[in-house]
């Protein structure tokens, strides 16, 4: 693991500790408020905040586990655990949204009295906690899908708090208690598309898909253009996590020193496409047999 990644992971973990502490503390208050004031929208917000707590805890654990070096059992290290954590968070959000939809439909047909003033106070406090947590997590969003998953959880809950505040004000003004379940359902509908995008991205990585920002044909063309390369085949690109790229390729050469060609291919993969972890096998002759010096690995070039 690079020093840059280690520094970024340390900063992300410190931010998550603060966000987790704030969110966990307020979760207890919000659950109590939801029960006391009989608000499904507040309960929906509390449910999202519960997923925030779980998401932050898992994301924090994923960062700590991901910092462990590779060993003889897991030769790529443990950074894939961050992707597993982000996937779990997305699935958890889907399940929570399903429960809220179910309860919301029941409430639409059988509205219950709602303590709108208490609902407003609790949701306003929750909004403040969410905004602080989002600020803490914002710096790591682009670097890690794991952090992005936790950030989306908090972001969704922030929107939930805004919705609950609006619903409470409307109930106070009109007495329409059906607004409460409508707000709860609306929160779920707003969150689900973003959750789907996160789940799609993590699944793509777990399936060893070509990393974002790369195109297989473009990389193939770059390698084929390297002096001494006669043909390119068995090109594979994948990522262990959201911010690294691995590659392997076989190249055929004719009339060139295989080791020099191999080094040029590795340099091109790094300089042009940022593929820092690559294995290149060089094959010579009409039969395409691997040459003695043609296979090489450059894990850090």
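Backbone N, Cα and C atoms are what each Cβ position is placed from, and that goes for glycine too.
Noted in TrEMBL for the protein shown:
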type     : residues : note
TRANSMEM : 16-40    : transmembrane segment
DOMAIN   : 19-207   : domain 'Cation efflux protein transmembrane'
TRANSMEM : 83-102   : transmembrane segment
TRANSMEM : 114-133  : transmembrane segment
TRANSMEM : 154-176  : transmembrane segment
TRANSMEM : 182-199  : transmembrane segment
DOMAIN   : 213-283  : domain 'Cation efflux protein cytoplasmic'
REGION   : 282-301  : region 'Disordered'
Top partner of the transmembrane segment (154-176) among 16-40, 114-133, 182-199 - counted as Cβ pairs under 8 Å: 114-133
Mean per-residue pLDDT computed across the domain 'Cation efflux protein cytoplasmic' (213-283): 91
